[in-house]
Amino acid sequence: MMLRRLHHPILNPHTNILSVRYMQLTAYMLFVVCPLAVHLLELEDYDKRCRCNNQILLNTLPIGTELLKPIAASESCNRQEVLAILKDKGTKCLNPNAQAVRRHINRLFFRLILDEEQRIYDVVSTNIEFGAWPVPTAYKAFLWKYAKKLNYHHFRLRW
């Protein structure tokens, strides 16, 4: 008659070795692999915080631009960005130092209006503040000069 050893799974001598290896593997995963994966994901997320990474910055507004979205420099992205939201809900990155982009953003701060009662062109502040964009004093001075020119040309007013 052949003798067979009946092993209970808990009392199996191989189980102890496997459980120690399993515990070592688990400890390795917890202390080495998981922090490394979290660190790599944080670096990947850090690159995505700047919305215009590795994209060509356009110097003019693309056709079909619905609105402009200036984004301030912050801790996660150290540069100022301007996004153009298109009518088809796409986005394009614009160069915030380009003249065409600055002109469109500056128009949000000051307006040149015609006061019908006094028959005079005047520069009016819109009181809009962007954290991402300083108030353009040079643009305001340009509008004042242009208003003076229009007032002289249309109404022969001198200041």
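Each residue, glycine too, has its Cβ placed from N, Cα and C.
Of the cysteines listed (C77, C93), Swiss-Prot assigns C93 as the disulfide partner of C52. Sequence-distant contacts of C93 (disulfide bond), defined as residues of its own chain at least six apart whose C-beta falls under 8 angstroms from its C-beta, comprise R51, C52, Q55, I56, L57, L58, E81, V82, L83, A84. Its Cβ placed at the centre, C50 (disulfide bond) has 18 other Cβ atoms within 10 Å. Long-range Cβ neighbours of C77 (disulfide bond) (same chain, at least 6 residues apart, Cβ-Cβ under 8 Å): R49, C50, R51, I71.
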